Amino acid sequence: MTASADVPLTTGLPAQAGSGAAIPYERFLDCVHCGLCTSACPTYLETGDENNSPRGRIYLMRAVTDGRLELTPAVTRHLDLCLDCRSCETACPSGVQYGRLIEPFRVAMHSPKPGEPVKRDWFRSLILYGLFPYAQRLRWALWPARIMQKLGLDLLVEKAGLNRLLPQRLQRMQRLLPRLQARPAELPKFLPAIGPKRGRVALFTGCVADAMFPQVNWATAQVLQQNGCDVLIPRSQACCGAIHYHSGAGQPALELALTNERAFNIEDLDAVIVNVAGCGSMLKDYGHMAEEVCGDRPDLIRRLSHLAGKFKDVNEYLAELGPVVPQQQVPEVVTYHDACHLCHAQQIRSQPRQLLDMIPGLKVLPLAESEICCGAAGSYNLTEPEMADRLGRRKVGHILNTGAKCVVSANAGCTLQIQAMLRASGHADIPVVHPMELLAKSYGLTPPKSGGDDDVKPESSRAMMASCIIAAGLYAPVIFAVAFLPYYPFGSGTLSLFDVVAFPSWPLLMLSDGSKLKSVMSIVACITLVIMTGAVLQRSFVALAAATIAAAACSSLGVYGTLMFSVS
């Protein structure tokens with residue numbers, strides 16, 4: 001018997017085409033269609049649709065790969081609705097690597113085909129890819145939100161329903177925004193071990209987590225110090241790339257991985273510590289991601305696989321190290337939510353509970369369906385809000401049934417989602433905290449205070465300008481509405497002005513460095529924000545006129561930038 005030119009004798013598998021062509025076909029055959037995964041799948045539990053189950057999605061992907069099924073919008077919809085929580089991997093007795101099927105398939109599914117025009121999605125390009133992965137930009141973009149929260153304007157806007165002026169996905173972002181705490185001092189580049197030295201580690205600080213929950217990074221670093229670790233915090237580290245890769249953008253994720261390879265001198269470290277479950281899962285998968293994105297680069301795959309082996313979740317690392325027993329009482333009643341990318345993707349379940357059980361006075365209540373996704377799933381709660389809300393309400397119902405006064409979660413995305421759903425259900429008084437925060441509290445540790453947000457310096461003028469533009473675009477219509485709606489002389493036509501003012505400026509983010517237009521736009525955006533804030537406080541018609549003129553300038557420049565971007 002001889003091997004066919006089209007089908008290797010070693011596998012006897014059919015020739016592949018379409019979005020699954022790059023996936024080793026054996027992975028599809030690992031699934032024996034037993035259906036045990038369905039009871040663990042959140043989207044199947046909510047919809048009862050077999051196509052929304054892991055078994056059904058594997059069938060769809062395999063059928064498309066075989067050429068038996070077209071990749072229609074309906075098929076794409078079933079695949080996009082997957083949370084990639086990987087709970088099916090925990091339930092599967094055959095060891096199907098579902099994540100290594102759905103992730104590369106979606107990368108191929110959303111990649112432009114030869115000869116097809118590149119599809120531009122402003123939300124993904126400018127928010128998910130242009131803002132979220134950059135902690136410094138995100139910090140600057142959150143600055144107006146801090147002002148609004150301090151003045152109580154955010155509550156006024158919500159009660160008046162004025163946030164409905166924003167596009168749906170930006171409304172969702174606004175609802176997810178937590179009560180922003182005063183930022184602690186910036187983490188130094190190095191924190192020495194306390195007591196006998198037991199390890200030398202680097203801390204992966206993340207992007208969204210660092211911008212919104214800097215106290216968690218401080219707690220993590222201080223707990224590591226307390227356990228005898230030198231802690232290094234490289235300034236040049238980047239986003240893990242999970243937002244990109246899980247939404248089908250493989251190349252940007254690879255570039256971020258290479259940036260992190262340069263940032264961490266792993267040969268000088270025992271481990272690189274991660275305190276966000278979603279980031280940890282992605283970082284540990286760098287080798288697999290490289291195989292899917294650049295399978296023809298064995299040297300690169302080998303390097304990123306070596307890097308991936310150095311990443312450890314902080315709960316995992318401390319459990320292996322043998323933690324110093326904390327002494328101070330923390331008399332709280334909590335419940336622990338298992339983040340999907342900690343318990344399913346990394347198989348870390350007992351370690352966080354072991355650390356919590358060490359804390360004197362802390363009572364941990366069991367949570368029903370603790371390992372079922374809360375609906376966060378990275379950026380899923382922004383791109384699939386209906387399903388995310390259904391899962392969020394399901395999770396909050398179980399939390400309230402425990403009677404706990406605090407929720408513990410080891411993932412920033414889960415924290416944002418559960419906080420938002422608790423607020424929506426009228427239980428904003430129940431906080432969501434990281435295990436390291438409770439452990440640091442029991443060690444008697446607190447982060448050093450900052451003199452304010454002024455100590456946060458942009459890494460570059462580009463980051464500052466981009467952030468100012470995004471901030472102006474996000475908050476201009478809200479501040480306009482709060483300040484001027486009762487006084488504006490042009491009646492209901494005002495509302496259309498808000499949309500015009502806010503959103504044409506975003507394409508300017510894509511302009512090249514050194515653009516005079518971007519410099520002018522940044523100045524106008526900053527001036528507009530200052531005038532608007534003053535107008536909110538003074539209720540001044542003069543300020544109204546000045547803000548209107550500035551906003552018109554913003555809009556004109558934004559339209560001009562849009563035209564430039566569209567023809568470039």
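Using the three backbone atoms N, Cα and C, a Cβ is placed for every residue, glycine included.
Remember, predicted model here, so these are calculated numbers, not experimental data.
As annotated by TrEMBL, domain '4Fe-4S ferredoxin-type' applies to 22-50, 73-96. The feature transmembrane segment is assigned by TrEMBL to 466-488, 494-512, 519-537, 543-565.
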Check your understanding: What are the DSSP helix/strand/coil residue counts across the domain '4Fe-4S ferredoxin-type' (22-50)?
Key -> 14 helix, 0 strand, 15 coil
Check your understanding: Residues sitting near the domain '4Fe-4S ferredoxin-type' (73-96): Cβ under 8 Å, six or more positions beyond its termini, same chain?
Key -> 27, 30-32, 34, 36-37, 39-43, 49, 51-52, 54, 56-58, 60-61, 64, 102-103, 105-106, 109, 246, 340-341, 343-345, 347, 371-373, 375, 377-378, 380, 383-384, 387, 391
Revision key, fill the gap. On average, residues of the domain '4Fe-4S ferredoxin-type' (73-96) score a pLDDT of 93
**Study point:** DSSP residue counts for the domain '4Fe-4S ferredoxin-type' (73-96), split into helix, strand and coil
**Key:** 13 helix, 0 strand, 11 coil
